[in-house]
Amino acid sequence: MAEASRWHRGGAPKPNLHYRKEVEIRTTLQELSLYFLFLINLCILTFGMVNPHMYYLNKVMSSLFLDTSVPGDERTNFKSIRSITDFWKFMEGPLLEGLYWDAWYTNKMYNLKNSRIYYENILLGVPRVRQLKVRNNTCKAFSSFQSMMSECYDRYTSSNEDTSDFGLQQETEWKYSTPNSSSPWHWGFVGVYRNGGFIFTLSKSKSETKNKFINLRLNSWITRGTRVIFIDFSLYNANVNLFCIIRLVAEFPATGGIITSWQFYSVKLLRYVSYYDYIIASCEITFCIFIIVFTTQEAQKIREFKSAYFKSVWNWLELLLLVLCFVAVSFNIYCNIQIFLLLGELLQNTEKYSDFYFLAYWYIYYNNVIAITIFFAWIKIFKFISFNKTMSQLSSTLSRCLKDIVGFAIMFFIIFFAYAQLGFLVFGSQVDDFSTFQNAIFAQFRIVLGDFNFAGIQQASRILGPMYFITFIFFVFFVLLNMFLAIINDTYSEVKADYSIGRRPDFELGKMIKKSYNNALQKLRLKKPQKDEDNKGMKDFTEQARREDFDENEIQSAEQMKKWKERLEKKYYSAEIEDDYQPVTQQEFRELFLYAVELEKELHYISLKLNRVMRKISALQD
């Protein structure tokens, strides 16, 4: 019977819970050590891709081309352009002066093949100006107004684009150029624009470029059908080994006026120049090795656990992290190949426009993928520190209240989107924060955080504005958010109460690291073994009891009780309780029973001693 009770289902002996947990924690420590090395390698790799000079270079260039005012009109710069007249003033003023630096600050002339902006940044090739237009009669006017409208130009789409030559039809700026399939499209404020269009490049001479601008302005190069103009050029700063790719965009919406935007990309296209760059290259190779190791580990886990593998959230995070790593490696390989193939060709053609925008575009995408990868890499650390008591409480709280949070989220977003649509319809035509439905959603999140434009809302609607604001604050801020906090607080109180009565994992990562540290010290003979210290403490306790004339039977009983207690604590209380009910063998039950009997005897003995002492005290008082 006793032997039969030791067998688990299928005839296999039941594994010791403490041993299984010890192996699991040891495996976790090994995985943590390997992953910690991977994270350090990834951090070095990512921080090697960026440096503070990128920000300062972007700031200097944006200050030069965006904030410089038109001579004689301090209020007009690229950011404040609202009309075609302002646009030509910018082209012939700040843009022209910013691109051509042919003299030192002492007015001493110097002859260079390329302009040096701020004396340090080489202008690569020549800048390019590109225009996209739409055809006439691409929109339909109401019948009552057709007599007044002889021309009608719709918003820009690829189907509405005008590809016919116009104007003087002599130079390339008057003739349509077909788009390049390899270059990315541009996503603007009022449209998505493809490549190609009516293109011209600037000259290396400042005077020739100025005459070009005057000629285009006088011959109406910008028409009613114009929908966007791109100004593209690239710089290289050898001092910090950075390329700065600049794009200034002026959109001409169908409503009239001009909307300006800009892009400044400081990228490091020449990757391996200094010794530190070669350290980054070694980190890239190590990164690939780590990916192969982690992929092999996950493949083994899938083969071992099969469908049960996909039931864990952490396993899904592992797969997502691996996918992002492979995507990052693919982007890196593609970027390096394109840089190797195109960079030399672009640098040789100094009289033509050097299209570095294509390289910068993919480099920025690679940087974004790496950023997302390292974000999830840091999130994965929670998998390992969940063995800690505090983190275990946090994970237990979130898992317990997940259903309540999902139910609350449904109710919250029903009310939230109802208010967003109300704000969009009532204030959308007058308040910028509610101009689109997406902006209305973001504006409401800002209201919850205390950032709002109440004056604009009130001015848009003096009745509905205050009503919208007050009711939104009351229901969303005071009611729903407090309900959310109440769900979290109540669940956390329940989890903390369970942990206070012992329903918690006793295996904590900190304890295991400390235990491994102590074992290492013992092997190096820098610390005495714990067993010897326990034996020494037991011997001291026995010798002290004999000096105080305790009964030998009592001493032996106490020693037996201490041994049973240590054995039971080691077997049960150092292991994590995985289920509410764990099967117990007959031998284990016998040990527990004997421990309880001896404990009862000790308590009875102590009770008798106390009664004897109380009787003696009563006799002395009498």
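Each residue, glycine too, has its Cβ placed from N, Cα and C.
Annotations in TrEMBL come from automatic prediction, not curation.
As given in TrEMBL:
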- 32-51: transmembrane segment (TRANSMEM)
- 77-270: domain 'Polycystin' (DOMAIN)
- Cys139-Cys152: disulfide bond (DISULFID)
- 271-495: domain 'Polycystin cation channel PKD1/PKD2' (DOMAIN)
- 275-295: transmembrane segment (TRANSMEM)
- 316-343: transmembrane segment (TRANSMEM)
- 363-385: transmembrane segment (TRANSMEM)
- 405-427: transmembrane segment (TRANSMEM)
- 467-488: transmembrane segment (TRANSMEM)
- Asp579, Glu588: Ca(2+) binding site (BINDING)
In the same chain, residues at least 6 away from the ends of the transmembrane segment (316-343) whose Cβ sits under 8 Å of its Cβ atoms read 269-271, 284, 287-288, 291, 294-295, 298, 310, 358-359, 362-363, 365-366, 369-370, 372-373, 376-377, 379-380, 383
Sparsest Cβ environment (other Cβ within 10 Å) among disulfide-bonded residues Cys139, Cys152 belongs to Cys139
Take the domain 'Polycystin cation channel PKD1/PKD2' (271-495) and average the pLDDT across it for me. 87
Sequence-remote partners of the transmembrane segment (275-295) [C-beta within less than 8 Å, at least six residues beyond its ends]: 34, 37-38, 41-42, 44-45, 48-49, 318, 321-322, 325-326, 329, 332
For the transmembrane segment (363-385), what are the same-chain contacts with Cβ under 8 Å, counting residues 6+ beyond its ends? 28, 31-32, 35, 38-39, 42-43, 45-46, 49-50, 265, 267, 269, 314, 317-318, 320-321, 324-325, 327-328, 331-332, 335, 391, 395, 509
